Each structure stands twice: as structure tokens, then as C-alpha cells.
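These come from TrEMBL:
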{"type": "ACT_SITE", "residues": "H136", "note": "active site, proton acceptor"}
{"type": "BINDING", "residues": "D94, G144, Y298", "note": "substrate binding site"}
{"type": "BINDING", "residues": "D171, H173, D259", "note": "divalent metal cation binding site"}
{"type": "DOMAIN", "residues": "20-313", "note": "domain 'Histone deacetylase'"}
Amino acid sequence: MKVLYYYDDDVGNYFYGAGHPMKPHRIRMTHALLDSYKILDHLEVVDSNVPTLNIEDHLIKYHTEDYIDFLKTVTPDNLNDYLDLFVGFNMGEDCPVFEGLWDYCKISTTGSVLGATAICEGRNKIAINWAGGLHHAKEQEASGFCYTNDCVMGILELLKFYQRVLYVDIDIHHGDGVEEAFYTSNRVLTCSFHKFGNYFPDTGYFSDIGYGAGNGYSVNFPLSEGMDDESYETIFKPLITSIMETYRPEAVVMQCGGDSLSGDRLGCFNLSTRGHGECVKFVKSFNIPMLVLGGGGYTIRNVSRCWAYETSVLCGLEVDTKIPEWDDYIGYYAPEYTLFPSISNMENQNTKEYLRTSLETLITQLREKVIPVSTDISNYKEINLYNTPNRLYSTDNIRAFREEQEDMKE
């Protein structure tokens, strides 16, 4: 059974604007590497030309209709007519209106829905959408360069068939949009490893564990600068193993943001391509259906190499260290021309003691709070959280809730 790989060649044409760090061109560069290494021969390649798929129907299962109508309608030519909506939908410098915005949103989301559908139908066990992983988008607003949350769309599709879905996020930024969407549900367990403290989006602390039926099903590992391969492995593998043993997920959605790589334009971790890929390899080793997504990553020559390598990992292929000289973007990889660029000598500010005690805290959370939900899926074909914002999931509401809890203790 081949790995399904979603790619739409138009994705590389979209441009957020001069100076903006998000470059969709990195996805085209990834595709070129897959072609150069002949990895495409081992993939089932699909694009967005699926006449039976109306992606808007999927989007409004989570996003509000007025927000989707806005994304469909606003353009650089008419944006002055919609300025009064910019604040409410959180549009601006981080999330600008650019030419083809709606088509771009459709491309990124279609890949995750198609991949999840193929998995549910048993046609593929692994599906890849490097154009996806836009994990910050909220129900009715853009955030962090993300407009529509394809991660949520993919999970919702998987929940039609699977009882329990695990979401794993190795982007340097907290996967706040996905966590928010399922904050009150026990059918999705979200696990995010991220930089925390004066760093966007300023959520994802140990105490953010979910609410109601979802209490304990949000797992967050806040980290400091300089996280390296060795340290990451000492926390990632034991925590994922504990989740697998405790929660027993039936499918996994993995967001592989490349901004946790060493040398990222916006990041401050120090992971190598192999270290980042080891996380993908480890999750794959559990032999559970996987939907693998892109995400952040702003030094695009590193992102493309990482995602090309991780595609080879998912296909079970060994690849040459040296990038083929006929690659369309070979000049980007000078002077090393290697798939595995060197990492920096930055200091790791995460102590072994902090990592050890934090890991113990999270494993305790899992053991005390997480139990698999009913095996009877007949009563819930779709999870009931569409267009229902979680009351607790805003900075002000969470703060007020915690103050309320403290008052009750007194």
C-alpha cells in the first residue's frame, strides 16, 4: 500500500507579501526534492482536482459561515470595503489579504480532508499534506499566518470512522487552534511540544489540560530555547509511548512544523533534520494510520530538506546525503548541497532536571485523567463541536476561570 501524497502545483505561486516570513514556495521546493530523489515513484500522488469534494462544506463544519464568506470574498482590490471586519477576523500584518487567498485556503485544507478520507476508507495507511498543518487558525479568525485550520478538518473527518484520534505537534509554536477546537472533547487527545514564555501564541502551559469531558486530554510540554536532538528524544519518545499505552488512539494526525529546526528564521530550537525526522519515524513505528502535515518553517531551504527526508522515512526509503545536482532549486542548498545541514552551537537552556520532572508531571496527568472512550461509535458519526466556541479558551476567560477556582479553594 503506497503512501498518499497530496500536492497542488499552484501552492508555490501564492505570496503573503514582501518581507513576510511565510513562503508557500517551500512546498514546491519540497516537491522538487521528492522528484530529484525519485521518491515520487513510491507515492500515490493526488491533487485538489476532485470534482466530488466541496471543501467549503467541510470548512463550515468548524469555521463560522460569516468568516468563510469573508475569506471567499475579500481581495487586495476590494479590501477597503471590508476593513471594518479586519479586527474581528484578526486580519492584518501577520495574516494579510493577498491575491488568491481563498484558493490558497482551499488547497491547504483539501489535502488534509483527502488524506483523512483515504485513511478512513482503507485506501492508504499514511497520507501526507505538506501544504497543511496550519494549526493556529480559529473558528472565526485567522492567526499566526493561518486562515483555515486544516488540522481540525482532517481530525473531524477521521472521527467519522475512528473513536480516538491523537494529535501530535512538533512545531516550535503551540498548536493552540487545534487544542482549542477539541478542548472539551475526550475523543481527541492533543499533545504539543513548543517554546513557551514571551513567545507566540503564549498558550500551552502544563495547566492547560482541557475541560469537562476533555479534562486531561490536552497535553502540553513547554520548552525553552536551544532544544537539541538528544534532549528532545528523551522527552518525546517516553511521552508518546505513555499516550499510546494509556489512550490507545486509532489514528494519528502529526503536525511537523519545520520552525523547530536549527537556524530557523523565527525559531529558537536546535533540532537537526534527522532529529526532527526521528519523531516522525517513532510515531510511524506504532503502525497506526497517520495523517502527516506541514506547518511552520521559515528558513525554507531547511524546511524543504526536512520534509523531503521525512517523506522518505514514511515510505521506508534510504536516501543519499548529497542532494542531486539536477534538482530545480539546487542553488538554495549551497554551499553544503546536503540533505542534512549542520546545526548551530547555541546553548540548550532546558536542563535535564526540568525535562525529567516535566515529563513525570505529564505522564502522571495521563495516568490519572485519561481513559479510552466507549468503543461504541454508532451514536456519534461526527463530533459535536461545530460553531461552538469553547468558553474557557481565551486568555481572559482562562484567567478568570483559574481565579474562580482559587477563590473556591479559599
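A Cβ is built for glycine as well, from the same backbone N, Cα and C atoms used for every other residue.
Just so it is clear, the model here is predicted, and its values are computed rather than measured.
Within 10 Å of its Cβ, the residue among the binding-site residues D94, D171, D259 with the fewest other Cβ atoms is D94. Here the residue listed as 'active site, proton acceptor' is positioned 6 angstrom away from G144 (substrate binding site), judged by their C-alpha atoms. For H136 (active site, proton acceptor), the same-chain residues 6+ apart in sequence whose C-beta sits under 8 angstroms from its C-beta are S143, G144, F145, C146, N149, H173, G175, D176, G177, P201. Around Y298 (substrate binding site), the C-beta neighbours below 8 angstroms that are at least 6 residues distant in the chain are P21, M22, K23, D259, D264, R265, L266, G267.
The Cβ centroid of D94, G144, Y298 marks the substrate site; residues of that chain outside this set whose Cβ lies within 8 Å of it are P21, M22, H136, F145, C146, F200, L266, G296, given in sequence order. Mean pLDDT for the domain 'Histone deacetylase' (20-313) in this predicted model: 97. Neighbours of the divalent metal cation site: apart from D171, H173, D259, residues of the same chain with C-beta atoms within 8 angstroms of the site's C-beta centroid are I172, H194, G257, G258, S260, L266, G267, G295, G296, G297.
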